[in-house]
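Undergrad: Relevant sequence annotations retrieved from Swiss-Prot are reproduced here:
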type	residues	note
DOMAIN	16-51	domain 'EF-hand 1'
BINDING	Asp29, Asp31, Asn33, Tyr35, Glu40	Ca(2+) 1 binding site
DOMAIN	63-98	domain 'EF-hand 2'
BINDING	Asp76, Asn78, Asp80, Lys82, Glu87	Ca(2+) 2 binding site
DOMAIN	107-142	domain 'EF-hand 3'
BINDING	Asp120, Asp122, Ser124, Tyr126, Glu131	Ca(2+) 3 binding site
DOMAIN	151-186	domain 'EF-hand 4'
BINDING	Asp164, Asn166, Asp168, Lys170, Glu175	Ca(2+) 4 binding site
DOMAIN	195-230	domain 'EF-hand 5'
BINDING	Asp208, Asp210, Ser212, Tyr214, Glu219	Ca(2+) 5 binding site
MOD_RES	Tyr214	phosphotyrosine
DOMAIN	235-270	domain 'EF-hand 6'
Amino acid sequence: MAGPQQQPPYLHLAELTASQFLEIWKHFDADGNGYIEGKELENFFQELEKARKGSGMMSKSDNFGEKMKEFMQKYDKNSDGKIEMAELAQILPTEENFLLCFRQHVGSSAEFMEAWRKYDTDRSGYIEANELKGFLSDLLKKANRPYDEPKLQEYTQTILRMFDLNGDGKLGLSEMSRLLPVQENFLLKFQGMKLTSEEFNAIFTFYDKDGSGYIDENELDALLKDLYEKNKKEMNIQQLTTYRKSVMSLAEAGKLYRKDLEIVLCSEPPM
């Protein structure tokens, strides 16, 4: 964590590499919660103004609040009062804007789940470094972006450092889903409703009436509704349709197996 006197790195540069962007992010997201907010946000805005003007320390002028408000209206796309990583990528001149490149490839939660299914080749519930590298390679090809092996390696390591919250060198589904725009990230809706393995097994067994080891989309509908009602949360038909479509992207021929649903609903991916 950066000390209060440490100068923010790289804000003055005309273009940032992926690694430099990450250093800026880690400097200002001091508590590591995935957002720049509150005092962190004020500090970021002041330092950004200072870097852009090339002036001395900025004093808090009368119009600081108004300038901050305009800044947030421009860049806080989902109006939650916080800056997330992809919003920061819009503010700073990031080289080849690799985060936006991701989002063009997995623009919806259903596409994201399909990509997850493709690259979680061993069905472990994680994408490991070698699998992530393949994911990024395909991504860059789709976007017609030239790259060499060192650049691909840099992107792989940078994405790991960005999203690998527990530092184990691999990305779980909830970590990887932070690549999605917040409004598309249906997995965020399940935060606070994560099940233990015992709870998950009980609810899956209840809906898998014939003990086949999988459920279909109608049974998934009922399961999701049940989960929301038990947690006293509301879900409309449109949300239910979106969540079902996203989760069913993990299914095989309309069959959603226990292990795949467990990745979405459990606190920890299956062992």
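Backbone N, Cα and C atoms are what each Cβ position is placed from, and that goes for glycine too.
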Undergrad: Tell me the Cβ contacts of Asp76 (Ca(2+) 2 binding site) under 8 Å, same chain only and six or more apart in sequence, or just say none.
TA: Lys82, Ile83, Glu87
Undergrad: Just counting, how many other CB atoms are there within 10 A of the CB of Asn166 (Ca(2+) 4 binding site)?
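TA: Cβ-Cβ neighbours of Asn166 (Ca(2+) 4 binding site) within 10 Å number 9.
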Undergrad: What are the DSSP helix/strand/coil residue counts across the domain 'EF-hand 5' (195-230)?
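TA: Reading the DSSP string over the domain 'EF-hand 5' (195-230) gives 25 helix, 3 strand, 8 coil.
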Undergrad: Summarise the model confidence on the domain 'EF-hand 2' (63-98) as a single mean pLDDT, whole number.
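TA: Per the prediction, mean pLDDT sits at 76 for the domain 'EF-hand 2' (63-98).
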Undergrad: Find the shortest Cα-Cα separation between Tyr214 (Ca(2+) 5 binding site) and the binding-site residues Asp29, Tyr35, Glu40, and name the residue that gives it.
TA: Tyr35
Undergrad: Given a Cβ distance threshold of under 8 angstroms, which distant residues of the chain, six or more beyond its ends, lie next to the domain 'EF-hand 6' (235-270)?
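TA: Same-chain contacts beyond the flanks: 108-114, 116-117, 123-126, 172-173, 186-187, 189-190, 193-197, 200, 204, 208, 213-217, 220-221, 224-225, 227-228.
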Undergrad: Cα-Cα, whole number of Å: Asn166 (Ca(2+) 4 binding site) versus Asp122 (Ca(2+) 3 binding site)?
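TA: With the alpha carbons as reference points, the distance is 21 Å.
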Undergrad: Within 10 Å of the Cβ of Asp29 (Ca(2+) 1 binding site), how many other Cβ atoms can you find? Include all protein chains, please.
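TA: 20, counting other Cβ atoms within 10 Å of Asp29 (Ca(2+) 1 binding site).
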Undergrad: What is the nearest of the binding-site residues Lys170, Glu175, Asp210 to Glu40 (Ca(2+) 1 binding site), using the Cα of each?
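TA: Closest by Cα: Glu175.
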Undergrad: Looking only at Cβ atoms, how many others are within 10 Å of the one on Asp120 (Ca(2+) 3 binding site)?
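TA: Neighbour count, Cβ to Cβ under the 10 Å cut-off: 23.
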Undergrad: Determine, for the Ca(2+) 1 site, the additional residues of the same chain whose CB lies within 8 Å of the mean position of the CB atoms of Asp29, Asp31, Asn33, Tyr35, Glu40; present them in sequence order.
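TA: Neighbours found: Phe28, Ala30, Gly32, Gly34, Ile36, Glu37, Lys82.
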